[in-house]
Amino acid sequence: MDSENFKQHLKKLYSVNNGKVKITNEIVKFTQNHSEPLHQVQKDLINYTNTNFESNSYMLTDGNQNQFFTLLLKVLNAKKAIDVGVYTGLSSLSFALSMPDDGKVTSIDCVRDYEECCHLHWKKANVDHKINLVIDNAKNHLQKLIDNGESGTFDFIFIDADKDSYDAYYELSLKLIRKGGIIAFDNILFFGATLVDHDSKKPEDQIFLGCPSFQRMVDALKLLNEKIANDERVIKTMLPLSDGITLVTKK
């Protein structure tokens, strides 16, 4: 091998996007196809959601995320998990499929709109007995778990719900997660909006600045991002996977 030519070639490659792969839909599909395959019922649930709840299907947990969580829960040997923000049940399904038969997922949502869809697919995958669907205010139920003596007993907690409450969920989850367990926050980049300043004049940023209710959620996420980044109680990492995920474990 011509080592000098090889080095020059690498320099040229590095000069394009600083040597990083630009994440396109083609790249995402490639990585999904070369990761642990989704269970057939996961695929069925994705299709069912896209067909029957098209207007809200953007709330589905990303396929790459589900593959990532499958591996993560296996590494953790997880037997107890909490899913805050259930929607049509895909994330809870993924967690239950990754657990042994005596594993338990506490799935919390504040609406019953998708309850039938959840149970339909959980039963189809033979994991319905592992999942306890709780229709309640998530902050209230997390506190109930603490009051019932379950602090420090959960292996994995996934937060994908109302962004205004993320900070409250964080503090409650820190009490519930065991040492060595992981708390995961979804949508931490929020379409890229958490990188945009309020006073930005860039044309491409204006789409993020025209809706007060959206901006309120963005502000809550920005505060949480800074809080976690500077929180000495935890070890943390933020990943640009899908809409952004932050993983946290207690020191």
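Every residue number used here counts from 1 along the chain in the order it is shown.
Backbone N, Cα and C atoms are what each Cβ position is placed from, and that goes for glycine too.
Among T61, T70, T194, the residue that Swiss-Prot places alongside D83, G85, V86, S91, D109, A138, D162 at the S-adenosyl-L-methionine binding site is T61.
Here Swiss-Prot has D186, N187 binding divalent metal cation, and the candidate from D155, D160, D164 in that same listed site is D160. Of the residues the record lists as binding S-adenosyl-L-methionine, namely T61, D83, G85, V86, S91, D109, A138, D162, the two whose Cα atoms sit farthest apart are 18 Å from each other. Listed binding-site residues near N187 (divalent metal cation binding site): none (candidates G85, V86, D109; Cα-Cα distance within 10 Å). When the Cα atoms are compared, D83 (S-adenosyl-L-methionine binding site) and D186 (divalent metal cation binding site) turn out to be 11 Å apart.
Neighbour counts were taken as the number of other C-beta atoms within 10 angstroms of each residue's C-beta; across the binding-site residues D83, D162, D186, the minimum falls on D162.
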